[in-house]
Amino acid sequence: MSMATLYFHCSILAFALFHLILFSSLLQTATATATPAPSHQQEQEEDTPITRFQRYLRINTAHPAPDYYSAVSFLKAQAHSLGLASKTIEFTPGKPLLLLTWPGSNPSLPSVLLNSHLDSVPAEPAKWLHPPFSGHRTSDGKIFARGAQDDKCIAVQYLEAIRNLKARAFSPLRSVHISLVPEEEIGGFDGAAKFVESDDFLRLNVGFALDEGQASPGDEFRVFYADRIPWNVKIRAKGAPGHGARMYDGSAMENLMESVEAVSRFRESQFNVVKAGKALNAEVVSVNPVYVKAGVTSDDGFAMNVQPSEAEAGFDLRLTPTTDPDEMRRRIAEEWAPAVRNMSYEIIEKGPIRDYMGRPLMTATNDSNPWWSVFKQAITSVGEKLSSPEIIASTTDARYLRQKGIPVLGFSPMKNTPILLHDHNEHLKDTVFMKGIQVYESLISSLSTFTEASH
């Protein structure tokens, strides 16, 4: 090979090497520029209170097929990482309950119970901004998921508060238990209801309990001292069938409409009290129609020229803790579904009405309840405020604990937060979630070291 040829090939090789180095440098620069800021994407890979909350939210525990076992497995792993004892109980096959315990230095004292439910209501993904079981966190810190407010937040906050207390070498005087129960959203009959009747519960010697509350749109935390009592009422009417052109006295539909009118008059009397500002919604008896079943069906819907011989309507009735159940039964029997009009009715009472001593299911929020004073002080010690104690409009598992005479407060530390439980786009801001952990640190430390209440 001549010197000229050799020089030519070397020049080409040097030229190619130069461009290769230049291209590699440009590629690295472009890649570095395109790499997103670490913020939320990086945090997804970290192990923090927020990411642990997100992992729990991604477990689909919505009815009708809640994945209870995955939820229990996750929570049990978190508990074991904290050195908490755990026990899984199944009062009904397929519906596990997880019980966690942080032993106190004086376990003979009545214990503190923190309750949360594992299940959630269904979600309609097409109506959400983000998938309801993704635990998606937006740039402004909103964590979207079914259960974000109701009530997977408090389960993780309980554990994170204990994590922080243990890191400070805090030791409780009273034992602290966490119960994570199934099927609250469908009544709790195979969950909390069976739990409070069990020997496992009796051995806990519970002196005070916290259960779920609701978000507060304002700047104060809400606290609940009672639940309303749900009744499902079905009213049935019978009458002579006949041609749609004829007028009858006492037809099934006429009888049912008279009943609906009677129910509506009662509803209006209760609602007027709320509208006048004399009571909150949860402080009156509410009744709402939920279905009507009547008519003779045909291939294209209903036969419009046939009067049916039977008609039925269903109502969601919510009693206040002080409502006289016997008086309400009398009203239903005599005014809403009187037998003289060929009416019948069915009442499905969903849960207890009075405690074991016949008292309304209410927790005192005054000086007669020393636990209330400790609770209030724990909130104010972290610079927070409580609104006036309320009756929760819906129903929680707290009623089963109150039935045993145990003082229970419904509380979820979410302020400046829209109420989104059971709603589309349920979410909770990360800052609100983190503040809640601090609040539970104060509550758990105060309640578990309280010395005066011995029974």
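Each Cβ is built from the backbone N, Cα and C atoms, and glycine gets one as well.
Summarising the annotation, TrEMBL assigns active site to Asp119. DSSP assigns Asp119 (active site) to coil in the three-state reduction, outside any helix or strand. In the shown protein chains, 24 other C-beta atoms lie within 10 A of the C-beta of Asp119 (active site).
Cβ environment of Glu184 (active site, proton acceptor): His117, Asp119, Gly191, Ala192, Thr396, Asp397 lie under 8 Å away, each six or more residues apart in the same chain. Residues annotated as active site, proton acceptor in TrEMBL: Glu184.
Around the Cβ of Glu212 (Zn(2+) 1 binding site), a 10 Å sphere holds 23 further Cβ atoms from the protein chains shown. The annotation Zn(2+) 1 binding site is assigned in TrEMBL to His117, Asp150, Glu212.
In this structure, Glu185 (Zn(2+) 2 binding site) is part of a helix by DSSP. Sequence annotations record features per position, and here TrEMBL assigns Zn(2+) 2 binding site to Asp150, Glu185, His422.
Mean per-residue pLDDT, taken over the domain 'Peptidase M20 dimerisation' (232-335), amounts to 94. Positions annotated as domain 'Peptidase M20 dimerisation' by TrEMBL: 232-335.
Marked as signal peptide by TrEMBL: 1-32.
When DSSP labels each residue, the domain 'Peptidase M20 dimerisation' (232-335) comes out as 38 helix, 34 strand, 32 coil, counted as helix, strand and coil in that order. Taking CA atoms as the reference points, Glu212 (Zn(2+) 1 binding site) and Glu185 (Zn(2+) 2 binding site) are 12 Å apart. When other Cβ atoms within 10 Å of the Cβ of Glu185 (Zn(2+) 2 binding site) are tallied across all protein chains shown, the result is 21. Remark: of the binding-site residues His117, His422, the most isolated position is His422 (fewest other Cβ atoms within 10 Å of its Cβ). Taking the Cβ of Asp150 (Zn(2+) 1 binding site) as reference, residues of its chain lying under 8 Å away and at least six apart in sequence are, in sequence order, Ser120, Val121, Glu212, Leu421, His422, Glu426.
Listed in sequence order, the residues Ser116, Gly147, Asp151, Lys152, Ile154, Glu184, Glu185, Asp211, Thr396, Ser412, Leu421 complete the 8 Å Cβ shell around the Zn(2+) 1 site centroid, once His117, Asp150, Glu212 themselves are left out. The record gives Asp150, Glu185, His422 for Zn(2+) 2. Within 8 Å of the mean position of their Cβ atoms, the other Cβ atoms in that chain belong to Ser120, Val121, Gly147, Asp151, Leu421.
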